[in-house]
């Protein structure tokens with residue numbers, strides 16, 4: 001481990017570019033670099049670049065590199081862009097199998113898209129690794145820079161070497177040093193709210209140092225944000241479930257650890273009325289038809305006071321509350337959102353037993369589809385036995401009625417009809433618009449008498465305990481941005497030379513115009529010309545005009 | 001100097017390990033998201049109480065000391081229908097050896113379940129979970145799902161597909177006290 005001893009005698013750690021004491025450039029490399037680049041981190045050694053021994057150091061140095069960080073961001077952005085070419089798996093119909101869907105629709109490109117995991121980008125392992133690498137890069141690169149920077153600014157000396165002064169962008173050498181001028185400059189800068197340090201007739205005036213921490217505050221906010229996003233995976237922090245509930249039903253609410261139940265008192269859809277809301281909606285209703293006004297589920301929340309799953313004897317009513325779009329029902333960190341509905345699901349059907357020949361009708365009887373009964377007694381002589389119920393009738397297979405789902409989309413029934421003429425019963429199969437008499441012609445038939453329907457509410461159950469962390473991260477992020485963007489770190493050095501002259505130089509991380517204005521104010525009473533901006537002079541030489549006044553390209557935030 | 005270097009190494013290792021741990025945890029959680037919430041092998045089976053078709057209540061914890069073959073099913077589900085007779089056969093073989101079957105029907109009417117049981121002559125207890133309460137507590141996804149619970153009340157295996165008769169038998173053998 002070698003150290004660098006400066007001409008002034010100060011011992012600097014390896015990798016240092018500008019002597020920590022006097023500010024001399026320590027290497028020819030540093031001497032040739034642009035001043036703004038050297039000054040970005042005050043010429044401090046970035047620790048990453050100085051130790052490269054073990055594998056740990058190599059990993060550390062990899063992530064410490066800003067170049068690597070930028071590439072990681074570029075790659076992540078490109079991947080995100082590619083992920084928008086075909087729809088994400090979330091948005092394709094749940095009935096489609098993704099492994100087939102992409103290939104069938106988009107050919108080879110779709111297949112590659114699927115295999116590489118672009119179809120579910122945010123859950124792809126490699127995308128998550130990229131995000132993790134960016135997070136790591138932010139943490140390590142920041143640590144590697146903010147610590148030396150903090151130390152350098154904290155320990156900076158008032159008296160700098162002439163070569164340090166000379167290479168600053170604002171620099172002028174005055175032939176004569178007088179304590180009068182010196183104190184005028186000092187007072188002028190103090191009036192501009194610079195913090196003044198003085199040593200043997202030398203001066204360091206500084207303001208807005210805290211703006212240098214902006215990027216690191218910003219990064220802290222980002223990291224907090226990432227932590228918040230990560231916490232979603234911790235059980236109990238985040239719930240996102242879907243539940244369907246029919247009018248009148250009481251169901252367990254998923255994701256609540258079997259604690260809460262919901263009863264639906266009813267679902268309503270309202271539309272704007274062409275007469276009532278004529279002023280606002282009249283024209284639009286004429287043009288496009290009905291406009292939805294409200295989707296609402298009237299719900300009652302129940303809580304299981306005690307007991308295990310399946311035991312609903314101890315449900316206590318907690319609260320009655322409507323659930324409307326964008327107006328969720330909130331309770332105990334949970335929120336129920338109205339997101340979907342299905343109207344007109346069959347709830348019950350009723351029939352009459354009719355003798356075909358005479359037209360005599362018996363009944364009606366009603367079948368509640370949620371709890372059909374074995375037998376319906378119509379009068380002393382006539383009864384109907386229910387032999388089979390197929391809620392989602394799709395056809396026959398080996399003579400047997402099929403129902404591929406438990407949802408009553410297309411209810412069908414197998415009946416046995418008992419009458420005085422047929423004490424052993426006649427078999428009838430009834431579905432919507434379908435009447436079969438599988439065992440031969442019957443004397444009796446069932447005639448459809450009516451149907452009752454009900455609506456089904458689709459609700460999202462959401463719990464997110466990470467929101468405040470995300471908000472906090474976002475707020476800190478913005479504070480960092482503001483801190484770094486609206487303030488600048490300005491410094492002015494005044495040095496008395498051994499020959500009795502005076503050197504004045506200035507540096508700022510951005511907004512050189514502001515620094516020049518400060519200097520102008522500080523120098524008005526001195527009778528001296530204000531220190532010159534060498535960069536601007538060069539520009540003037542080149543373009544021979546003042547058009548580049550605002551050229552402040554080399555910012556060093 | 002050596003001391004400083006050592007300290008630096010320790011600091012770096014610490015920070016990197018924290019980061020790696022966070023990344024591994026996140027990756028693991030994401031990639032196993034579907035599986036994560038479900039009751040897994042090794043977990044204590046959540047207790048529940050449900051009523052069967054004869055009006056008798058069955059509480060899982062009352063079966064401690066016996067193996068429980070816990071099957072979630074629906075009448076409309078083909079693979080469920082297929083494995084029911086196998087379960088019935090093996091139930092006859094294993095019920096005297098301390099293996100109990102509890103078949104939990106999810107959300108269907110008593111009529112349908114009774115009809116189904118009659119059709120296949122099922123003699124093991126069939127309970128109905130009409131509010132999907134027990135289904136949520138086990139985070140059951142597609143049907144059929146079968147959990148094998150040993151006499152200590154611990155889940156030995158979660159089977160998320162239909163089974164043939166041999167498999168049913170071997171699973172029952174597995175949870176025999």
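Heads up, the Cβ atoms here are built off N, Cα and C, so glycines get one too.
Here TrEMBL flags A:547-557 as compositional bias 'Basic and acidic residues'.
The domain 'ResB-like' annotation in TrEMBL covers A:66-427 (among others). Averaged across the domain 'ResB-like' (A:66-427), the predicted model reaches a pLDDT of 88.
Positions annotated as domain 'ResB-like' by TrEMBL: A:442-519 (among others).
The region 'Disordered' annotation in TrEMBL covers A:527-557.
Residues or ranges marked as transmembrane segment by TrEMBL: A:68-92 (among others).
For A:125-147 (among others), the entry in TrEMBL reads transmembrane segment.
Annotation source TrEMBL lists transmembrane segment at A:216-234 (among others).
Through the fold, the transmembrane segment (A:465-487) approaches residues 208, 210-229, 231-232, 236-238, 333, 557 of its own chain, all at least 6 residues removed from its boundaries and within a Cβ separation under 8 Å. Taken from TrEMBL, the feature transmembrane segment covers A:465-487 (among others).
Residue counts for the domain 'ResB-like' (A:442-519) by DSSP state, with H, G and I taken as helix and E and B as strand, are 28 helix, 35 strand, 15 coil.
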